[in-house]
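Single-structure report; data block below.
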Amino acid sequence: MHNENSVLRDAKESLFNPTPRKQGLPEDNTMTPYNGVRSIFDNSSDSHQLTDDHTHQERAISKAKLANENIAPFLAKHIPSQYAPLGTGISKSAGPPPRPDLKCRRQADEPSMDHLQWELQSLPQSDQQGIAHVWSLFSAAPAKQRELMLRGILAQCCFPQLSLISSSVRDLIRIDFITALPPEISFKILSYLDTASLCRAAQVSRGWKCLADDDVVWHRMCEQHIHRKCTKCGWGLPLLERKRLRASKEQIEKRALGVSVIPEASVTVQSVDATSGVKRTAEDLEASDSQTVKRQRLPIEEDTNIYKTNFRPWKDVYKDRFKVGTNWKYGRCSVKVFKGHTNGVMCLQFEDNILATGSYDTTIKIWDMETGEELRTLTGHTSGIRCLQFDETKLISGSIDRTLKVWNWRTGECISTYTGHLGGIIGLHFQNSILASGSTDKTVKIWNFEDKSTFLLRGHSDWVNAVRVDSCSRTVLSASDDCTVKLWDLDSKQCIRTFQGHVGQVQQVIPLPREFEFEEGHDASHEEDSNASVSGDESPSSQVSCSPTAAFFEGDRPAPPRYILTSALDSTIRLWETYTGRCLRTFFGHLEGVWALSADTLRIVSGAEDRMVKIWDPRTGKCERTFTGHSGPVTCVGLGDSCFVTGSEDCEVRIYSFKN
């Protein structure tokens, strides 16, 4: 026992007294401190190691007891909930001290820990105990003490050990920041990725997939590409049904900012599937509170499931639109031919799955675009039908017989007939309660269905082939055989601008959607026709500034559409800016006069006397594709997000579908 007591006394003094003792040293120097302190886990033996097995065993037991006695207070101080204090008098009911270091603690890597455990078990029991004590001390230490420990250890490392640390740390410091960050920040990061990168991100892990597939990210992707050209990648996808885009935009934007707005009552939104045309009803975001609240940080799966809706996921919408857009790009389409008219098809329009066609055979036919079935035939005109337009409730047609007829196209009943033109009606367009009609009598007639008033717009010197109403700005565009296009003010009943440049009869005029943005980089000055010009009404008071930033009208009255397209029998298509009257671009490619024209923000479709249909990029002027098949001049075209329809004097209607 004398030997054991002496060992304990020497060890305690070596641990807690940095000054080396100069008397009472035992004969062996196992516990002698180095530089004043020596580790209690140093199991090395010196040249004076005792050969007596019993004494060696007692010393080992003493070391273990001493180690436990000195480590226990440290562990009890920093992790009292896991390690009961020894004689400290600290109440277990007292809460543990704050541990800010736990917030940044990483999750253990299972394969690495298995390998570490295997290596530990290969060591002697005493070495295992010593290493376990070191790990316990470091694990219990707060951040500041950990830094001190690490600095001391690094100071004692040799180059091979430092190399091991360097190679290990390189992998350990990699952090899964996407799942570690709040969802709204992760959404913001992912929204900067392109489509391919976003799909690859979804393959990293379940957590990444949950975030990368979220509606917040893909809604932004749809907004960036659908019905417009992306400024980053140059891709544009076909138009999506607008109601759903608007209905979910506000909710998704608030989710992206980390704020949840819960409606007082669920909102039902009717939408038409962009690929199937089937009506769908969707509930708003699920919730139980009508207040605007700050979102709490939740686990990824729980957090995203709260915001599930009955809508089709935006990623699926984007995927379908991307397939259709790719088919448009490479010309992959299926063709259906509808036969039924006995004379040339002169006008058409389609919405969803319903197609209406008008012909010189004096009839209007209603078709099911999916099945090709002729649903009904509207009869009543006594001459060829040159123009028509329909909405959900009515169809209005114009004929060479000088009449306008209003139909219930669902039943085939003719509701009313309007007369007023002195010549055949060859162009019409209505929007809201305003109807405009163009005639061979060289006039444009405006019909107001609300107050039953009518008036004429005079100014063209030849047939008026096409008209276009913009009820927002209360203006009308008209195209005429006098080779001009005119812009009319419905309030003053005056022509406020005349566009001149075509050298053939102008057959069509259409405004481009307000979302369309002309790319100035493609605007080459040499492309502008030197013959193109703009003029105003003879009255000086009706002249309008040609500055692009100048308003057309005083006050808050909206300006007319900024860009318009025209086609003429001079075989060209022209893009105009209404603010300045400039012809921005001329599209060359057709061999004969262009009779038909349709466009959206992504493409232009034209049909001509040369029996060809061409697809154009409105920004660059490039002809992307040419379709043939008709045996007569193409007299009318219609454009949708995933198809276009053509009618010809060969009595056929052809549907080019890019869905499949």
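Glycine is no exception: its Cβ is also placed from the backbone N, Cα and C atoms.
As the structure is a computational prediction, the values presented were derived from the model and not from experiment.
Under the heading compositional bias 'Basic and acidic residues', Swiss-Prot lists 1-13.
For 1-34 (among others), the entry in Swiss-Prot reads region 'Disordered'.
The region 'Disordered' feature in Swiss-Prot is assigned to 86-108 (among others).
Positions annotated as domain 'F-box' by Swiss-Prot, on the basis of sequence analysis: 175-221. In the domain 'F-box' (175-221), helix, strand and coil residues by DSSP number 33 helix, 0 strand, 14 coil.
Over the repeat 'WD 1' (340-379) the predicted model carries a mean pLDDT of 96. Residues or ranges marked as repeat 'WD 1' by Swiss-Prot: 340-379.
Per Swiss-Prot, the feature repeat 'WD 2' maps to 381-419.
Residues of the same chain lying 6 or more positions beyond the ends of the repeat 'WD 4' (459-500) and with a Cβ under 8 Å from any Cβ of it are 423, 426-440, 442-444, 446, 506-511, 531-537, 539, 542, 544, 552-553, 557-561, 564, 566, 568, 576, 578, 581, 583. Positions annotated as repeat 'WD 4' by Swiss-Prot: 459-500.
Marked as region 'Disordered' by Swiss-Prot: 521-553 (among others).
Residues or ranges marked as compositional bias 'Polar residues' in Swiss-Prot: 531-548.
The repeat 'WD 5' annotation in Swiss-Prot covers 542-586.
Long-range contacts of the repeat 'WD 6' (587-626) within the same chain, counting only residues at least 6 positions beyond its ends with a Cβ under 8 Å from a Cβ of the stretch, are 227-229, 236-239, 328-329, 331, 504-505, 507-508, 510, 512-513, 515-516, 518-519, 522, 527, 565-575, 632-639, 641, 644, 646-648. Summarising the annotation, Swiss-Prot assigns repeat 'WD 6' to 587-626.
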Take the repeat 'WD 6' (587-626) and count its residues per DSSP category (helix H/G/I, strand E/B, coil), listing them in that order.
0 helix, 20 strand, 20 coil
